[in-house]
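Trainee: According to TrEMBL, the protein has these features:
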- 12-155: domain 'SIS' (DOMAIN)
- 30: site 'Catalytically relevant' (SITE)
- 53: Zn(2+) binding site (BINDING)
- 82: site 'Catalytically relevant' (SITE)
- 123: site 'Catalytically relevant' (SITE)
- 164: site 'Catalytically relevant' (SITE)
- 181-239: domain 'CBS' (DOMAIN)
- 248-299: domain 'CBS' (DOMAIN)
């Protein structure tokens with residue numbers, strides 16, 4: 001297909017870039033299904049597009065087409081009756097027509113402003129009947145247009161994320177630590193002068209296996225984990241009379257609520273720890289984030 005990205009392809013890209021109206025995709029049968037996918041890909045990558053069923057267009061839906069629109073018509077043979085039936089009306093409405101077809105002498109090709117060659121030697125179907133290779137060629141051509149338009153428009157990954165808020169890609173690019181952290185009553189925190197009993201109770205009553213330790217101003221000065229507790233027990237020494245400040249690990253690693261959740265997950269994996277305290281600019285803890293929560297989100 002790469003050799004078909006010629007001057008006609010470049011012209012199609014320019015027509016779509018300069019389109020003052022809508023980008024409309026139309027096709028019947030399997031070509032129509034490919035058209036729906038192309039419309040979806042364009043819409044999610046910075047070029048708003050809609051799909052118009054040619055049969056429905058002939059019964060009123062043609063009203064969606066206006067002067068200045070660009071209509072991409074998909075037909076392997078270029079002789080699809082339902083599609084060709086609406087071509088005069090598209091012309092009457094002064095729409096620009098781009099054809100995806102394998103037949104440059106077809107009615108569709110003859111009535112298009114630009115023809116993109118999606119012809120094939122043979123379908124993958126053993127009987128050369130079921131649309132397989134031909135629909136793949138159309139899909140590849142549509143994807144090529146979408147990617148070229150992305151580059152021409154300088155469409156960014158952040159813009160991509162805005163159209164994919166639910167998918168893993170969108171989550172990676174939009175979700176911040178503040179969106180997933182536990183806060184308020186769920187945040188395990190004790191003061192430096194708390195007893196070891198209070199510290200253990202705080203740590204074990206919440207599900208993170210850790211408790212933050214704060215000074216009189218509420219700034220995080222250390223943490224105490226279940227691993228720290230096991231090590232204390234293994235020493236065989238008495239520690240129940242100690243204060244939190246005596247047994248905590250000082251100067252723990254922290255993150256901000258503004259950090260991207262994906263970046264936080266990468267830090268947890270790099271440092272081989274399971275949770276991080278989330279602190280504000282004054283180093284006061286505002287939340288806690290656990291690696292399991294991030295993984296569960298599909299990051």
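Start at 1 and count along the chain as shown; that gives each residue its number.
Cβ atoms here come from the backbone N, Cα and C positions, even for glycine.
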Trainee: Spatially speaking, which of the recorded positions 30, 53, 123, 164 is closest to residue 82 (site 'Catalytically relevant')? Use C-alpha to C-alpha, please.
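Mentor: If we rank 30, 53, 123, 164 by Cα distance to residue 82 (site 'Catalytically relevant'), first place goes to 53.
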Trainee: Given residue 30 (site 'Catalytically relevant') and residue 164 (site 'Catalytically relevant'), what distance in Å do their CA atoms have, once rounded to a whole number?
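Mentor: Taking the Cα atoms only, residue 30 (site 'Catalytically relevant') lies 26 Å from residue 164 (site 'Catalytically relevant').
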Trainee: Can you tell me how far the Cα of residue 53 (Zn(2+) binding site) sits from the Cα of residue 123 (site 'Catalytically relevant'), in Å?
Mentor: 24
Trainee: Could you state the whole-number distance in Å separating the C-alpha atoms of residue 123 (site 'Catalytically relevant') and residue 164 (site 'Catalytically relevant')?
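Mentor: With distance taken Cα to Cα, residue 164 (site 'Catalytically relevant') is 34 Å from residue 123 (site 'Catalytically relevant').
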Trainee: Reported in the order helix, strand, coil, what are the DSSP residue counts of the domain 'SIS' (12-155)?
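Mentor: Its residues fall into 66 helix, 23 strand, 55 coil.
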Trainee: Which residue counts does DSSP give the domain 'CBS' (181-239) for helix, strand and coil?
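Mentor: Going by DSSP assignments, the domain 'CBS' (181-239) contains 23 helix, 16 strand, 20 coil.
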Trainee: Long-range neighbours only, meaning 6 or more apart in sequence with Cβ under 8 Å: which ones does residue 164 (site 'Catalytically relevant') have?
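Mentor: Once residues fewer than 6 apart are set aside, residue 164 (site 'Catalytically relevant') is near 44, 170.
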